[in-house]
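Student: Feature table excerpt (TrEMBL):
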| type | residues | note |
| --- | --- | --- |
| SIGNAL | 1-23 | signal peptide |
| DOMAIN | 28-133 | domain 'Gnk2-homologous' |
| DOMAIN | 137-247 | domain 'Gnk2-homologous' |
| TRANSMEM | 296-320 | transmembrane segment |
| DOMAIN | 377-658 | domain 'Protein kinase' |
| BINDING | Lys405 | ATP binding site |
Amino acid sequence: MDMAASFLSLSFILILNALWSSALDNPYYHILVCGTGGNYSQNSTYHHNLKQLISNLINTASLSNGYAYDSYGIIPDQVTGLVLCRGDTVKENCTSCLRDYPMNNLADQSCRGQKEATMWVERCFLHYSNNRFVSTSVTFRGDGYLGDYRDNEIGPFKDVASALFKALASFAAYNTTTKYATGTIKGDYDFSQPIYGLVQCSPDLSGDDCWNCLKISTDTMVNNLTEIYFARVFGLWCDMRFDSSKFYDGNSLLELSFPLKSPPLPLGDGLYPPPLPVQGNSSYSTNKKKKGMTSVMGIILAIVNPIIAIILTSVFCICIRKRRATNRLQHAPYIPEKNRDEQNSKIRLGAANLTKIKTVESLLFDLSVIRAATDNFAQLNKLGQGGFGSVFKGVLQDEREIAVKRLSKTSKQGIEELKNELLLVANLHHNNLVRLLGACLEEEEKLLVYEFVPNRSLDNFIFDYERRKQLDWSKRFNIISGIAKGLQYLHEDSQLRIIHRDLKTSNILLDAKMNPKISDFGLARLSVVDQTKEITKRVVGTLGYMSPEYVMFGYFSTKSDVFSFGVIALEIITGRRNTRIAPWETQTLLGYVWEQWRDGRGKEVVDEAMGDEYIAREAMNCIEIGLLCCQENPDDRPTMSAVVASLVTSSHASSSFLLHPPSRPARIIARN
């Protein structure tokens with residue numbers, strides 16, 4: 001079956017007037033669609049399985065990120081279902097939404113006794129079926145109330161809405177782990193109010209599948225749009241909505257201006273996918289009736305009656321995820337069994353800290369295993385020396401390579417950094433972060449065991465004249481984007497808000513494909529939820545990368561990491577360290593790049609090792625991002641989500657995501 005047709009067949013559109021828009025804010029608002037999967041009897045085996053499944057789904061979603069998929073029972077009475085909460089819904093409200101509505105759905109006369117049903121509530125969604133969501137083509141027709149409109153406004157409005165949702169779709173699909181994004185767009189058009197939008201995919205979808213679903217839904221919505229009030233596309237794989245007033249919680253992830261300087265163009269690395277043709281069969285009727293709740297009820301019935309079985313194909317993605325999870329368990333780190341109680345392990349965390357990771361014991365390696373892997377820390381296996389000790393390469397008994405950080409025994413602060421590593425890194429999982437495998441705390445040794453990243457650190461390439469020739473523009477842009485995504489995860493997408501505090505090129509490792517991985521979280525510190533910045537008496541970091549407020553006053557925040565990222569981005573583009581341009585000069589790399597960019601000579605700072613083999617628009621946009629990240633006032637620096645959004649759209653003539661052009665960067669103390 002064609003994937004695009006499948007996506008389209010699993011979503012339907014409701015375009016409503018302002019009266020129904022207000023109804024959506026009502027916590028009791030819901031839409032219920034009954035399938036044609038057959039009937040069951042009250043108190044039958046299927047009925048029992050259905051109740052148990054819904055209970056299991058709610059419990060699982062309440063303990064996770066608001067998403068759950070499961071099956072219960074044995075064929076022919078097996079029930080499969082999924083639940084998903086909207087991305088801005090806090091855990092308590094998600095649980096409340098799921099508990100309040102799905103059980104009521106069972107008693108709803110509209111779907112009583114039917115084996116398949118789907119229900120959308122304002123903040124959560126439920127689907128269950130006696131089918132295991134096989135990939136089956138389903139066609140249907142969705143009708144909605146279409147109000148009057150003014151011909152001179154609907155055309156421009158469609159362009160604005162399309163621009164917003166294409167940006168949101170790209171951001172949600174390729175730059176978040178939750179497949180969720182919100183945004184607003186303002187600009188020069190006839191209607192003055194801004195437009196607010198929200199998109200969300202099932203977390204199990206791949207980036208491409210999420211993009212396809214949202215792309216088709218966007219085209220469907222825009223093509224059938226006839227009123228400037230409110231619209232929402234309901235689907236099993238993806239959901240989207242816009243309104244003229246803000247309807248979601250929290251800040252907008254994206255803030256755009258319209259018109260865009262140029263239409264979106266595909267990037268070479270696939271970060272912003274090329275437009276896809278609209279495929280699939282779906283018809284929509286236009287009815288112009290009086291506004292009122294009476295017509296709303298008619299619409300619901302008009303939708304419910306023609307809707308037939310809605311069958312998901314997402315089980316394919318879910319099975320892939322489960323298979324990968326099984327593989328990860330089969331290839332877990334080799335850790336010999338040994339009685340390691342809290343007293344014998346040299347770590348002293350306390351009960352409060354022990355709850356922050358699943359089990360400290362599961363992270364511990366035997367010292368004998370580490371010694372065997374590193375040939376007793378032989379000098380031939382030494383990879384480098386850091387501020388808190390040495391790093392050695394090792395090979396475990398199952399022939400997997402590891403990197404072991406051996407903290408200095410004389411380091412007064414080493415144990416504190418080790419605690420941070422264990423408490424923070426163990427629960428962090430992102431493609432652009434070095435993965436912590438475990439630790440060893442025996443015989444006064446303080447060892448951290450990481451995955452081995454073969455190409456060592458970025459500084460070994462970017463500052464070596466011969467080696468940096470291996471980094472063409474495509475690789476450099478990928479490295480900049482990867483670092484940005486890793487930081488965004490630390491600052492915004494991980495369960496804990498984490499500030500790195502020592503981000504530099506030597507802490508960016510490169511894997512076999514030159515993908516970047518942020519390392520060394522020994523200096524990371526948690527950021528309090530209700531606190532935007534903190535003060536430390538112990539300033540740690542590297543001159544040239546530290547923000548001025550951190551160096552001079554000890555103030556640090558996520559914007560401190562943003563500053564460090566800006567320095568790294570400019571070093572990658574220029575191939576130069578952030579030092580004085582010459583020993584007799586006082587100007588640093590930041591000042592030099594700023595003056596060249598200000599005077600329209602930005603191309604002159606691009607590393608000559610690349611020659612002319614680079615995309616000028618991307619390079620100039622990256623320079624602007626780097627300068628903006630290095631502004632003296634932390635409030636003038638963008639968030640990492642804004643940086644990622646800018647990089648995603650850097651094929652535009654200019655970025656629509658930067659709120660303002662950069663001014664002169666901070667004058668900081670640089671390395672000599």
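In case you wondered, yes, glycine gets a Cβ from its N, Cα and C as well.
Quick caveat, the model's predicted, so the values are computed rather than measured.
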Student: For Lys405 (ATP binding site), just give me the three-state DSSP call.
Tutor: strand
Student: Average pLDDT across the domain 'Gnk2-homologous' (137-247)?
Tutor: 72
Student: Counting across all protein chains present, how many other Cβ atoms fall within 10 Å of the Cβ of the residue listed as 'ATP binding site'?
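Tutor: Looking across every protein chain shown, the total is 25.
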